[in-house]
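Record features (TrEMBL):
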| type | residues | note |
| --- | --- | --- |
| ACT_SITE | Glu352 | active site, proton donor |
| ACT_SITE | His383 | active site |
| ACT_SITE | Lys512 | active site |
Amino acid sequence: MAEAARIKAAWDALATHRQATAGETLKSLFAADPARFETFSFRLDDLLLDLSKTAIDARTLELLTDLARACEVEARRDAMLSGETINVTEGRAVLHTALRNRSGAPVLVDGRDVMPEVRAVLEALAAFAGGVRDGSIAPARGGRFTDVVNIGIGGSDLGPAMATLALAPWHDGPRCHFVSNVDGAHFADTVKRLDPATTLFIVASKTFTTVETMTNAASARRWIVEALGDGAVAHHFAAVSTALDKVAAFGIPVERAFGFWDWVGGRYSVWSAVGLPVMIAIGPEQFGRFLDGAHAMDRHFAETPLESNLPVLLGLAGVWHRDVCGYASRAILPYEQRLLRFPAYLQQLDMESNGKSVTLTGEPVERPTGPIVWGEPGTNGQHAFYQLIHQGTDVVPCEFMVGARGHESELAHHHALLVANCLAQSQALMNGRSYDEARNQLLAMGRSEAQAQSLAPHRVFPGDRPSLTILYRTLDPFTLGRLIALYEHRVFVEAAIWNINAFDQWGVELGKELASALLPVVEGAAPPADADGSTVGLVRALRAMA
Ligand SMILES: O=P(O)(O)OC[C@H]1O[C@](O)(CO)[C@@H](O)[C@@H]1O
């Protein structure tokens with residue numbers, strides 16, 4: 001069968017199967033197969049992905065893997081891992097996996113092994129991070145750095161900010177802070193608690209042109225110069241970028257500038273020099289464990305058959321929910337307070353990668369692509385937006401994650417409550433509560449029949465709402481590495497099935513261009529003659545209020 005016809009046949013078969021199984025519910029699937037958990041939960045060592053509370057059955061999985069094969073997911077994966085130019089709109093290879101390649105094997109880009117450079121940067125980072133941590137790299141006026149402020153945005157912020165928080169129990173280096181927003185409040189509120197004499201800034205920007213980062217970096221330089229004089233800049237700044245010439249022009253010495261490469265996408269860059277704040281926080285050795293975890297997931301992704309390949313299965317569940325069931329969003333719900341920024345991190349990873357409307361060859365896509373990704377840690381989310389998840393009119397597939405062990409052994413009861421809440425939520429989503437159950441409960445509470453009948457509809461939970469659960473032993477650097485890589489490859493699998501480029505981000509450009517055109521207008525210049533009435537009206541109103 002020709003490729004397009006085979007892909008269409010795979011989609012059609014999925015749609016037909018969905019229709020044929022419309023009468024089934026999660027409860028009926030479990031009733032028919034009490035061993036469903038064993039069949040539909042998949043493991044990589046102590047990492048477990050449970051798909052049993054989705055409507056996916058054995059036939060669905062067969063059809064989804066047929067679709068993946070028709071879309072050549074394996075060949076596309078191999079092309080990425082072997083350094084082919086798969087980011088076609090930017091003419092680049094995609095090799096974040098090389099940054100955590102711990103195998104010693106070469107990785108070729110245009111016939112050249114990139115691993116020696118990767119290792120050299122990693123060593124330079126370790127020497128610098130080690131020096132900041134042990135005080136041998138010192139502030140201009142002596143002493144030790146007590147605080148590190150990372151200035152970056154998007155991929156140059158979210159990865160290290162998320163990971164530093166996630167790995168708080170391993171944090172034994174200087175305090176780390178993150179300034180991303182161009183809103184001066186972010187910079188001002190951060191530095192007002194800091195002493196310039198003991199503060200190190202890391203300016204992280206792949207391009208070293210991003211206006212937010214350059215504006216914050218200029219303010220940071222002023223803050224240092226005003227307190228410590230011009231000569232302090234060389235001591236109080238480091239940089240991470242692919243544009244080392246621009247770093248030098250900013251005044252940061254070459255030995256404090258850490259490079260990476262155009263084959264590392266911003267949102268895939270936490271493994272590169274962009275991870276420097278994480279390394280300063282937890283030390284080079286633990287950072288190595290973080291890379292080890294991601295490498296373990298890379299190997300699993302590269303070597304495991306589709307049927308038991310965790311990122312593939314997570315991707316297929318995503319495609320099932322998005323395209324076959326028609327659900328427009330997915331909620332990321334870590335029952336792990338230290339994964340507070342994980343949903344935000346995944347928003348960029350997923351939505352900047354797969355929020356696309358044209359295929360790799362520029363034709364309009366035929367079916368929905370990346371869903372809206374959102375979330376918050378449990379249990380906080382339960383007291384905020386879970387109402388809609390349980391009783392709203394939209395179905396939101398939920399992705400729960402929780403560790404078997406908390407770090408605070410003296411607070412074991414808290415952890416037990418956390419786990420119980422996580423499990424209760426997916427159970428409630430699946431089982432729901434019928435009208436009769438609600439009514440009987442009200443009667444048992446002593447309400448009259450009339451009251452029970454009028455209140456029961458408000459207490460009905462439709463149930464049969466899908467969720468998946470990811471379990472791990474404990475959130476350590478190795479597991480965080482595995483978790484992030486799991487989601488990176490999931491995004492890749494979905495993009496391969498949708499035949500879109502997950503590695504460009506043209507959708508962020510137009511707003512940037514218009515903002516630079518509007519800056520002079522905001523600052524007092526006349527609006528251009530062709531400016532729209534709303535924007536002109538808003539500028540006028542802002543000026544009147546200022
Ligand atoms: O690291 P840079 O070049 O400053 O870019 C920051 C971010 O801006 C974007 O290009 C667009 O928002 C992201 O992809 C990127 O992570």
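Using the three backbone atoms N, Cα and C, a Cβ is placed for every residue, glycine included.
Overlay of TrEMBL annotations on the structure.
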residue	record	Cβ contacts under 8 Å, 6 or more apart
Glu352	active site, proton donor	Gly154, Arg267, Gln505, Gly507, Val508
His383	active site	none
Lys512	active site	Val211
